Structures are given as structure tokens and as C-alpha cells.
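According to TrEMBL, the substrate binding site annotation covers B:Arg340. Taken from TrEMBL, the feature domain 'Aminotransferase class V' applies to B:33-330. Taken from TrEMBL, the feature N6-(pyridoxal phosphate)lysine applies to B:Lys192.
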There are 2 protein chains.
Amino acid sequence: MSSPSHFVSRHLFGPGPCNPYPEATTALTRPLLGHLDPEFIAEMDEVCAGLRTLWGTENARTLPLSTTGSGGMEAAFVNFVEPGDVVVVGVNGLFGERMCDVASRMGAEVVRVDFEWGTPVDPVKLTEAHPDPKIIAVVYAETSTGVASDIAEIGRRKGDALLLVDAVTAIAGVELKADEWGIDIGYAGTQKCLGVAPGLAPFTVSDRAWERRVEHPRSWYLDLGMLGGYAGEATGSKRTYHHTAPTGMVVSLGAAITRILDEGLDNVIARHRAAGAALQAGLEEMGLELFAAEGHRLPDLTTVKVPEGVDNAAVRSYLLEHFDIEIGAGVGAYTDSVWRIGLMGPNAQPASVPLILGALKEAIAAVR
Amino acid sequence: MSSPSHFVSRHLFGPGPCNPYPEATTALTRPLLGHLDPEFIAEMDEVCAGLRTLWGTENARTLPLSTTGSGGMEAAFVNFVEPGDVVVVGVNGLFGERMCDVASRMGAEVVRVDFEWGTPVDPVKLTEAHPDPKIIAVVYAETSTGVASDIAEIGRRKGDALLLVDAVTAIAGVELKADEWGIDIGYAGTQKCLGVAPGLAPFTVSDRAWERRVEHPRSWYLDLGMLGGYAGEATGSKRTYHHTAPTGMVVSLGAAITRILDEGLDNVIARHRAAGAALQAGLEEMGLELFAAEGHRLPDLTTVKVPEGVDNAAVRSYLLEHFDIEIGAGVGAYTDSVWRIGLMGPNAQPASVPLILGALKEAIAAVR
């Protein structure tokens, strides 16, 4: 399995992972550093600084957790929820559903506010669902439906609650302003618009949230109090050993961040916006119908309805076999009726659009 | 940070990570696969099969968890401990201590059995500490002290308890026979003798333990019931999406496993044994005193006492600056008085020995 005679090389146009930025891949071949090496610690500090820029925050406690994005979600709840705490969750897709499951395992009193899949979370309904919640939790960019919700408006209306936001399919692809929008607790993943292999969860915590954290969370591994030292000087803690950081992954993330900031974050976001707009226009020109509500569509993740009489899986298999193109199925009730097409990281480029449109057209015709 | 003008290249002779096998590093440059790609799923199945060989088990539930070794420890407890469960923990070093912390966060009634650091866990005292524990937990290879404990004897005496074993600094470096020894729950890490960058936790669960698992553990991310599908057909579950697997890391682990099995597991273990024995003999010839009790020394991690009047940190800094050699300090009460020297993975080779001995001799003379 280590040395196949040829490598399969895919166009990763699904909901993530995307193809990594080449800088992120070549960084993985650098000689590995120990997690306590001064050279690594300096790189970790730079990664944390770069993540602050990408989050739009000055939070000292901004770092890559040693887990995937879903582990980031768990860290977000386990450090701030004690049994009986009221947590309002906006649910307009799979990841909102998952938040309810994760929060309830911590013993939270979950107040679930549902919205039709494919539509955004309504800030008024969400923030008026309970008079005094500890946490209001919402997914900014719903990977299951391709919908963006209005975090800024939710932040304006959050009152005394802590605002907990899933930014997995947002960071480094769409606008994200944690401080301006009032995000108190945020987590993301590396395998979407950051253009890095999956394995780390960029995380940020406001001072306001920090003061209300659980002192002794049920998770040792994700205990942010212990991770303070690991995260470095900026947290005001002495740097101490907690666990062995995935040093190679952190260096790879650092390379991607440098590449993104060299291009310019605004330019990167504009590139994602342009690619997504071109893809969505092209799909509609083909006569296909987009799934996500107009005006709330993510550029980096497009959802499109499978035409009547076309087999979702057959098309995806055709794309994989004939073009080495991966796209995603829908989720939940939409498993068969929706495709999810991601243009993330280096894939958010003009050339991706005709490739997808042409291949999809052929695939639909072939399986009909 | 992505493109320094030259890369720092270390000899990683600390307690881990070690330098990776070159096969593991080059595998990271292979085109990234999606976590649902049939090609990746086939590779994951091979990785699970290879891990079974390395664990010495036929457990269907053997897989790499998407977390580091410390997250593996957390998974081991969170899936099997409910509040009030009695957990006996053998403590002869830092990782035994950590087990107590992790288990107590799950609400366990922890029965802690202490042994002097530098000595092994006594199987009789451990297994007689409580008449009817749900779990007996022990570290096989204590990374903080360089000591191996007798897991086979503990397994023979475990009675009805589940035997939970930390094999982080054991797997693919020293003998490990999960089934023969009666290990029910085991976790490891990739960055020790497996010779892969840190980031995954090889894990195994016996059918016996599976029947006594927590149905709805407090951790969603590490919930083995949900991971069953992710792990594949062998578990008898339908393969389903749980989280985005770190596909690049899994492929890298696969490459290292192939390399190890090609060399032959017994040969790899013999190579670790020979390198460790040569290092330990050489250190004693230099007049240094080993820390771990004779007869219980790990070959892959050697602990040695810092000579009177020599500054531990100054020697380590000298080694790093002059020779690009990393070794580890001691832990806890032994932070200043012990060095930890690892010969793991590709570093378990004859050439490492004169390099370490010569450099250490010079460093001690230089800082005295």
C-alpha cells in the first residue's frame, strides 16, 4: 500500500478535503521537529499569529488544536458547558444537529431552533428562543447545505450569551471577523479553504468566554486550561508540555497560512467568491437548480439539485472513474437529491469551473 | 515561515517524535484522497489489518483514531468508564498519573496503586488492589521513566476486569501481544517506534470489552460506537461518515507499516533491542548511571542520571546547537536529574549509538 505503481490523483471538488495548496504539501517533507524544539515553538507562535489574522481576532487564545474540525466542535462545548447550562442551537443542517448531540452529552439543556435545510438561521428567532442562555451556538457556513448565516446580526443580538460559531467551511474562504461580529468561541478545520490536509482544528476564544470557562472539563485532551501553556506566551501561561503536538501538520498549516497572506486574504476571499459565482451561474445555465436559498449561498460550497430521473451516486461514480473528480452527495433527507460541489483553497480558480461543468454534463447524459 | 532559507534538520533522539521512516514522509506527498474515496477506504482497511499484526491481535475493532496518543488515552477511558465505575491504575510515571486524571474526569472511582518511578508496576499488588474493578489500567512502556512492566502477568491475573494498556512507546519497537496477554483496550501513538509524524492513535478493542462499553459516551468525537462504521467492514458496521479522517496521515502510517512488515516485525524489534542495548552499555562505559531498574529497561527509550554538577538543560542545549541532536529532560521530580534518550523507528540503528555517545561526552565536558 505504500508504493503503488501509480498514484490515484483526484480533483477534490467535494465538501472537503480539497486539494491542498502545494506549499502545504511540500512543507510536510521538511525534516520533522520535536514539539519542544525552540524552532518549532517559534513556528507555532507564527501559526497562532497567522490564525488570528484569518479569524479576524486579537484573541490571545487562538491556536490549532490537535484534532480535526469535529474535535474542534467538541472542544468548543466541553470547555464551556456544565450540566444544566442552557445552550441555544440553530439547526439548519447536519452540523447544527451535531452541535445538539455534542452539547447534550455535556449535560446541557439544549434549546434547539430549527430552520428549513437550505435556508439560513434567522437571527431574531435564534436569539429570542430563550431569555438568558449561557451559549448561543450556530454554524456560519453549513457544509451540509451550502448556506451562510448572518453571524454579525446574531452577534449584535446575543445579549449576555457567549456566541459559539462553527467556521469550518468559512475560514480563509469567506469573510470572517470574529471580533467585529462578537464571536466568543470559534472552531474551524484545515481541510477546507485553508487548503491543508485534515488533522487540525484552528480555534479561538475571547477573554469574555475565557472567564466563563469550565474549570475542570470532562475532557483532559481538549482542556483549554492545560492547553494554555502549550499555545504559548501570548496566553500569559508558561509554556509547558501537555501532549505531543502534530508538529508536521502545524508546519504544513503554517506554510498554507503564509501562502494565503502573501496572496492577500481579501484576494483569496475574492478568488473564492469569483469561482463560486462562475460555477453557480454555469450550473443554472445548464438548467440545473441550486439548492441553497438565493442570497445566502456559500461561494466555496455549492449545492445543486439532482435532476429528476438521474441517479446521484451513478453520476458521482462516473465523475470519479472517468475524470478523477470527486463531488459530494447530499446529507440526511437530501442524500439522493442534492450534490455538493466545493471550490476551496487552490481549487477556487477559474479553471475548475469548465472542468466541473463539462464533466458533469457528460456524466448526467451518460447515466440518464 | 513556509520557506526558510534553510531547514533545521534534527536527530530526534528524545522521547518522541523520532525521525520518521522516509517511506512515511514521502507518502505525505502523494495526492491527497477524500475520506470517502474508495481508494482511501481500501488503504484504511490495509492500515487496520497492518495494525492488527503490530498489536498482535485479531480484534475487528482495530483502527487509527484521528487524534494523538494522549487522545487515544482519553478514548480508552471515555468509552468504557461510567460514573462510579472502579478503575485500578498502576502509577509508576507520568502517564500512569495522567490515566488517573483522565479516569477521574469520567467520574471513575480511581484506585491508584503507586510504584517508585524507575521501577515496574508489580502485577500482584496491582491486581490485588481491589476485589472487583471494572478496569485495570497500566502503562506498558512508561515514556517518562524508560521502564517496561509485565503486561502478560497482569493479564493472567486480571480476573473479570478489562485490561487497559498504554502501548504508546511500545508498538513496533518491543514485543506486543495484545491477544495472548489479554489486553482488552489498547492505545498507541504514531510518533514513537512506528516512525510516523505525531497525529494518530492506533487503537484496539477486544470483543469482551466491546460488550461492556458505554452506550452513549460523553465524547461524541471519540465515540467508538459511531466510529464503528468509519473503521470499516470488519467491525460488522456499515461504513458511514462520522468525521473527516486525516487521510494524508493515514496513508503515511500505511507506508510505515508496510516498511516495518517488509523488514519483518521480529527483525524491527531485534533492531530496537540491539540499538538500545548498545546505547545503554556505552553510557555505562562512560561512567554514567542508568535510571530505570535493571531487567525492566526499555530498549527504545533509555533513561540516564545526570552526573553530579552537570546542568541538564545546558547539555541538551549544547547538543541541539552543536550537533542538532534532541534528547529529552526527565519528568516531574526528575526533570533536572534524568535524561531521556530515544532510539525509535529509523533511529534504532547502529550508527545512532556512537553519534549520541560521542556528542554527549563532548557536551558534558563542555558545560561542566
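Every residue, even glycine, has its Cβ placed from backbone N, Cα and C.
When averaged over the domain 'Aminotransferase class V' (B:33-330), pLDDT in the model lands at 95.
Long-range neighbours of the residue listed as 'substrate binding site' (same chain, six or more residues apart, CB within less than 8 Å of its CB): B:Gly14, B:Pro15, B:Thr143, B:Ser144, B:Gly146, B:Leu301, B:Thr302, B:Thr303, B:Ile327, B:Gly328, B:Ala329, B:Gly330, B:Val331. When other Cβ atoms within 10 Å of the Cβ of B:Lys192 (N6-(pyridoxal phosphate)lysine) are tallied across all protein chains shown, the result is 29.
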